[in-house]
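Notes follow once the structure below has been shown.
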Amino acid sequence: LQGIFVLGLPYALLHSGYSGLLLIVLAAALCCYTGKILIACLYEEHEDGQLVRVRDTYEDIANACCKKLSPSLGGVVVNVTQVVELIMTCILYLVASGNLLSHSFPYVPVTEKTWSVIAFVTLLPCIFIRTLKIVSKLSQLCSLVHFVIIFVVITYCLTQMHQWSWAKFRLSLEFEDFLVSVGVIIFSYTSQIFLPTLEGNMKNPGEFRCMLNWTHFFACILKTTFALTAFLTWGEKTKEVITDNLPSFLETLVNLCLLTKALLSYPLPFFAATEIVYSCVSKDNHSNYRSPLLALTVRGSFLLLTLLMAMFTPHFALLMGLSGSVTGAAMTFLLPSLFHLKLKWEKLSFLEKCADISVFILGFLCSLAGIVCSIKGLLEIFG
């Protein structure tokens, strides 16, 4: 899920300067922290002092927090938020696929929307995905393609070291441009939606915190290196998607790799969204499809929905930014910190309470700023 955002990091540095480097590190630390406190909400301390996993999903955590108000209100809110974010992500991959195919084969007389339909046809087998194992294998391939893309871009940038200059970094910042950079950097790390399922499927869940630390550490190093080398290479000419700066022969190669990555990335959010909806409809175990027809109907409906929205939603990028500012910030910062405070208040130290409150405020400000910028952009377009 992080690949497309990563390609925008050099552009984020263009608008955030030195502060962007600090933001990449800070975002890694914050997202790692909210991932840990979210998983902590799945556990309660037993009488003998041992932690016992009493909840399985984000929905269970929300219901536990809102049980006095309504037994299922919290779960409904979380599920709707998750499904909206996941479906918007799927649509983004379809739109990106059409755009990449259009740029890769500019001489073919086919519109971008038609290319999106062609990409959609290759995704039809997603209807038959029943287990997380298949999705994980596709995600592994996706990661390999991602590293190929990063390797190609960094290697090219290293060949241009002779023109690097730290003078390219900006000291003065424009507030709105800086907010765009904050959004790109923060949401390049988001993965909280998948963490409860991931932790529950680990052979040794006790290693989850260590895994989260190392993955965010290496992600931070990789993203900082990538963003820095690319920005030092192109400076003020850095484009929104850094691959557009590459020479034509490399751009086509990387675009095809990006297309492969987009198509391989699609099954994960698609599977997660359909699992949520199916579990709500069937009120059964998430992975136990006792009604194959219902499961196929849910998956087929969602697959068709992503295509229709990709084809007919105008100004999708701005709408994605608007929904992402609400759902992304909520799932990454607002809800994990709020749930942790609610469920663990009596056992938290003063510093832990301050940390959770600070994360909540930061998430609220990021969400508010993103909403304002997105609405402003939509108003300018619709005039």
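Start at 1 and count along the chain as shown; that gives each residue its number.
For all residues, glycine too, the Cβ spot is worked out from N, Cα and C.
According to TrEMBL, the features are:
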type	residues	note
DOMAIN	2-375	domain 'Amino acid transporter transmembrane'
TRANSMEM	20-43	transmembrane segment
TRANSMEM	76-95	transmembrane segment
TRANSMEM	115-132	transmembrane segment
TRANSMEM	144-166	transmembrane segment
TRANSMEM	178-198	transmembrane segment
TRANSMEM	210-233	transmembrane segment
TRANSMEM	253-281	transmembrane segment
TRANSMEM	293-312	transmembrane segment
TRANSMEM	318-339	transmembrane segment
TRANSMEM	359-379	transmembrane segment
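Of the Cβ pairs linking the transmembrane segment (144-166) with the transmembrane segment (210-233) and spaced 6 or more residues apart, 3 or more are under 8 Å, so the two regions touch. Among 115-132, 178-198, 359-379, 178-198 has the largest number of CB pairs under 8 A with the transmembrane segment (20-43). The list of residues near the transmembrane segment (115-132) in space but at least 6 beyond its ends in sequence, with Cβ under 8 angstroms from a Cβ of it, reads 94-95, 97-99, 101-102, 197, 201, 259, 262-263, 266-267, 270-271, 287, 289, 295-296, 299-300, 303, 306-307, 310-311. Within the same chain, residues 87, 90-91, 94-95, 98, 113, 116-117, 120, 123-124, 126-127, 129-130, 270, 273-274, 277-278, 281-282 sit at least 6 positions outside the transmembrane segment (293-312) and bring their C-beta atoms closer than 8 Å to a C-beta of that stretch.
Residues 1-2, 5-6, 8-9, 11-13, 15-16, 19-20, 23-24, 27-28, 30-31, 34-35, 38-39, 42, 55-58, 61, 82, 85-86, 132, 208, 216, 219, 223, 268, 272, 321, 324-325, 328, 331-332, 336, 366, 369-370, 373 of the same chain sit 6 or more residues outside the transmembrane segment (178-198) yet have a Cβ under 8 Å from a Cβ within it. Under 8 Å from some Cβ of the transmembrane segment (210-233) lie the Cβ atoms of residues 2, 6, 9-10, 12-14, 20-21, 24-25, 28-29, 31-32, 35-36, 150, 153-154, 156-158, 160, 163-166, 168-169, 188-189, 202, 242, 245, all in the same chain and six or more residues away from its ends.
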